[in-house]
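Student: Got a structure for you, questions after.
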2 protein chains.
Amino acid sequence: MEELNILNLLIILASAWLGGSAAKKLGYPAILGELIIGIVLGPAMLGLLETSEMINVLAEVGIILLMVYIGMEINFRDLGKASWPGLLAAIGGFIVPFVLGYYTIIYFGGTQMAAIFVAIAVAVTSLATKSRILVDLKLLNTRIAYVLMAGALISDTLALVIFAGIISYVDAGSIDTLGLAWVAGKAILFFVFTALAGIYLLPLLGRFLMESKINSRTLHFTLILIIVLGFSELAEVAGLHSILGAFMAGLFIRDGVFNRQISKDINNIFHDISIGFLAPIFFVSAGFNVTLEVFQTDLAMLIVVTLMAMVGKIFGTALFYLPSGYGWREGIAVGTGMNGRGAVEIIIAGIGLQMGIINSEIFSILVFMAIFTTLTVPLLLTWTTKWLKSRNELVHQESRNGYIILGANPLGLYMAKKLQDKNEVILIDANREMVAEAKKQGFNSMYGNILKEETFEDANAIEKGTFIGLTGNSEINYLAAQLADDAFYIPNKIVLVSPSETGTDVNMLDKIKATSLFANKTELEPWALKISNGDFKEHTLTIKEEISTRQWVKEHKGDKDSILPFFIVNTEGVIRPFHYNDTITEGEKVIYLE
Amino acid sequence: MEELNILNLLIILASAWLGGSAAKKLGYPAILGELIIGIVLGPAMLGLLETSEMINVLAEVGIILLMVYIGMEINFRDLGKASWPGLLAAIGGFIVPFVLGYYTIIYFGGTQMAAIFVAIAVAVTSLATKSRILVDLKLLNTRIAYVLMAGALISDTLALVIFAGIISYVDAGSIDTLGLAWVAGKAILFFVFTALAGIYLLPLLGRFLMESKINSRTLHFTLILIIVLGFSELAEVAGLHSILGAFMAGLFIRDGVFNRQISKDINNIFHDISIGFLAPIFFVSAGFNVTLEVFQTDLAMLIVVTLMAMVGKIFGTALFYLPSGYGWREGIAVGTGMNGRGAVEIIIAGIGLQMGIINSEIFSILVFMAIFTTLTVPLLLTWTTKWLKSRNELVHQESRNGYIILGANPLGLYMAKKLQDKNEVILIDANREMVAEAKKQGFNSMYGNILKEETFEDANAIEKGTFIGLTGNSEINYLAAQLADDAFYIPNKIVLVSPSETGTDVNMLDKIKATSLFANKTELEPWALKISNGDFKEHTLTIKEEISTRQWVKEHKGDKDSILPFFIVNTEGVIRPFHYNDTITEGEKVIYLE
């Protein structure tokens, strides 16, 4: 046992955290800050930090766990739903920069292998763009966001497949036709075997564990690590790289394979160990391998590679996006959103360096390319979406669509009636008569106990975007929203909270990321009665000045309970339930009952 | 970057899992199986596995994380409550084997330093005995278990403090008085500084994060890792070992410092990474350093060390336990329970080997000593507790005592009346009048919304052993039990479930480790009415043959709802609520209403 160099690890982790936090503060993904801090503190500039055996081991374990996590985050269903435009964007945004990147390196006299590596690196799209930037720019519910995410997932998958081909080829060395067939055969066998194991064996294991009532999270974690290492070793045996095994394992360890609660916990653990601990070590130490001399010796190549990466990605995406019929402007916007490179690119570049396929100059160029392109994303995406907005071409689309409304009471029906014009709505109630009555009135409704997972499954909850708890029992509303959050990841949960002093408290809603319906504690019964008797008036009010729903309630409701704000309609006519934590912008309309 | 040896890691992790699982199946702690599998598959026997740089790095990071987790598990309040007998057992069980171990090594011609190392190793008590064996032998609620846990915690803390002294001394080399003072000063400064930082700075950070509404689990995890590494580096600077820093950090990262939910999640992550991933790698690779030759070359020393360890621990504990007044037999039982050595011993032995203070023979002897002593625990403890039981001297005691009863309705009062003879009982209700009425009748009761953490805090929930949810609203009962489990770790949660077809379902109770009151769905109102009118008869039935509560309900209740099994009274007159998942043994009495 050698002495661990704690100080080195401490400084690297602390500076990774500082760099990452600073980047996030500025609206960039953490990886950007981590790479830059590695370059600044590492041998390239200040020389305060350097790599060590320990750092390498931790970084490499970090990559494996990160690849598992990236795999876990890719949902086949999402890929399937990506449909035409997402696929077009992904392919265009991949092929065009790939070709440009390849010929750039050949032009500068690089080897064919190095050219292919750079081509992959240039073609990749960062998954990190996914969350933060879209949230910051309030783009989450737009068609662009939807296409972007699908595009990033597809291009990453594509990149890894091509990478697999290259790696097995390199590994084989000089090669004849028979040898090439053997190499290709092994790689294909690997994918076929892991896919079959993932599709058939893993669910079998999961079912066995569930049936044996084995629900230790730690045991699941250990077993999954063993599976990950097993897949990684298989990848090595097949002449591929271990990260491909980890990625394949991650792809198949997901919803429905293991107990839902445990799956979520394990997903969190992989997230925290990789993104909160080991992966930053890798990204900082990737910065250690960068040399600043490229700015003197290879400035031309650096500029051309970066330009090709950006031009190829943005215009390639826009070009292939044309057949979607959504217009070239949206194509450009999607291209700018996909322009960032991130984890997968740096990992692939690192492997290329390690295997001697690319030299340290090209590695440095790829790191700088990642930094520069990532820097452009918020800027360019802000411009392009403003541009679309100003032309009224920013199309809204939910990635998870449709409503589950709990409670087929008059309020539930009233809610469903307005929403079901543009959304799939399903009403659930535990009262058979109310369900029958709702059905008679033409509503899509079903009977069930909402606190059972089966009921959510029957309602196809995993594809729904919003859960609305509208029974008079706040606790049932809350528990149902909790289940919606825990097991079905429904992004929006809106629950009715009764004005009782005890029981469910508005502060509890934060825990499950839910908000209160009508932005206020509300008694169900009086309103249900009014609505079923037709004893109410519906008003529509156009908002002149941006206001929070909370403030709106304060100003309009006053002390009396005579007003119930029900919906907000935006300028495009899209309707949403009135709830806490929402902002009504200028020109939107509030529909309220009196 | 070097290529990771995935295969090696895979085999080590898989065999650690196999060894650990096998040991657990047999009722032993996992570490036993991990050590044995390391010896069997490692150089000592089959030679299939060997250590590598990667394995060493991962093992050492594993130890650091494990020490954090061990620190997290030690609760100052528990130590404080350990009181007289626990302290006596801990000290006796530490000092006597320490002295015996020390002189054994001196006798066999070892160095003074080696002797002290062995003495510490022999004196340590395994924390791993804590959970499984006590559960298997159904000892969790006995005074023995209580003393055992406190004893293990105290002896581990003691061992680490002495270890700190030794390490700083060794590190200092040849030494004069001034040097010794400097060494001791640095070590003391380290403990003072980390304790102050832990007591004052960490809660400040926690409050800052809470007030800034920063509730990212990953961010907390990263920050805590940085703190851990910082403390570890401080320990190194003070001439101590990094594990002491990690341990100190773990001690202070606990309840109340950070957001409760996040603390729990972080605790889980440390548990899973260390116990589910990295620590087993350390224990297996500890087996690699063992040589079987000691059975030939040093058999006498092996036997004497093991004997001294066992005799010293068991009789040392029993001897010092005498002043407690609980009798020498209970002392022997406690001693047999504390006889196992585990993680801390192997870690300390490993460091001794690494620093060259003990040689590979003594290291091997210590590993075998750990294995042999651990093997004895279930056997000896089974005997001694049977012996106590047969003499009716097995005293029950809850480590967390007292009841929180939600619902000051007639059933709640009836429940409280019987329980409050021997337990602290607090009634909580959201109805002020009912609380006032209960108070008038002499019950300890308070007003509050049970779904708020403050209410639980006011009821001093962290020290309570059982939560009973007895309102007519099953969902409130359930949510309150969930909070009791999540934030206050109340071990027993018993809730009334209404016979409604919808809403809270008995299957949901598993998730929060709760059971249903009366072992059956029960309507509150009719019984509340009967009790308040005095319209019922109380029957007592002595059970002839062991039966589960569920079966009892089936046999006695039949279709009619005319019977309500309320309590079980054991042969010592201890009363407990009748609930699902319980077994009524021969001679116990069921109190039921009709």
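Every residue, even glycine, has its Cβ placed from backbone N, Cα and C.
Automated prediction, rather than curation, is the source of TrEMBL annotations.
So TrEMBL lists the following for this protein:
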TRANSMEM  A:6-23  transmembrane segment
DOMAIN    A:15-386  domain 'Cation/H+ exchanger transmembrane'
TRANSMEM  A:30-49  transmembrane segment
TRANSMEM  A:55-72  transmembrane segment
TRANSMEM  A:84-108  transmembrane segment
TRANSMEM  A:114-133  transmembrane segment
TRANSMEM  A:145-167  transmembrane segment
TRANSMEM  A:179-202  transmembrane segment
TRANSMEM  A:214-232  transmembrane segment
TRANSMEM  A:269-288  transmembrane segment
TRANSMEM  A:300-322  transmembrane segment
TRANSMEM  A:342-359  transmembrane segment
TRANSMEM  A:365-383  transmembrane segment
DOMAIN    A:403-502  domain 'RCK N-terminal'
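Tell me about the setting of these features in this model.
Tutor: Same-chain residues lying 6+ beyond the ends of the transmembrane segment (A:30-49) with a Cβ under 8 Å from its Cβ atoms: 8, 11-12, 15-16, 18-24, 126, 128, 275, 280, 283-288, 290-292, 342-343, 346, 367, 370-371, 374-375.
Listed by sequence, the residues of this chain that lie at least six past the ends of the transmembrane segment (A:84-108) yet keep a Cβ under 8 A from its Cβ atoms are 114-116, 118-123, 125, 143, 146-155, 158-159, 298, 300-301, 304-305, 308-309, 311-313, 315-321, 323-324, 326, 331, 334-335, 338, 362.
Outside the transmembrane segment (A:269-288), and at least 6 residues removed from its termini, the chain residues within Cβ reach (under 8 Å) are 9, 12-13, 15-17, 19-20, 30-31, 34-44, 49-51, 55-56, 58-63, 65-66, 68-69, 72, 221, 250, 343, 346-347, 349-350, 367.
Sequence-distant neighbours of the transmembrane segment (A:300-322) (same chain, 6+ residues past either end, Cβ-Cβ under 8 Å): 85, 88-89, 91-101, 104-105, 107-108, 118, 122-123, 125, 151, 294, 328, 330-332, 334-336, 338-339, 341, 361-362, 365-366, 368-369, 372-373, 376, 380.
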Student: Please average pLDDT over the domain 'RCK N-terminal' (A:403-502) for the predicted structure.
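Tutor: It averages 86.
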Student: How many helix, strand and coil residues does the domain 'RCK N-terminal' (A:403-502) contain under DSSP?
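Tutor: Summed by class, the stretch gives 43 helix, 20 strand, 37 coil.
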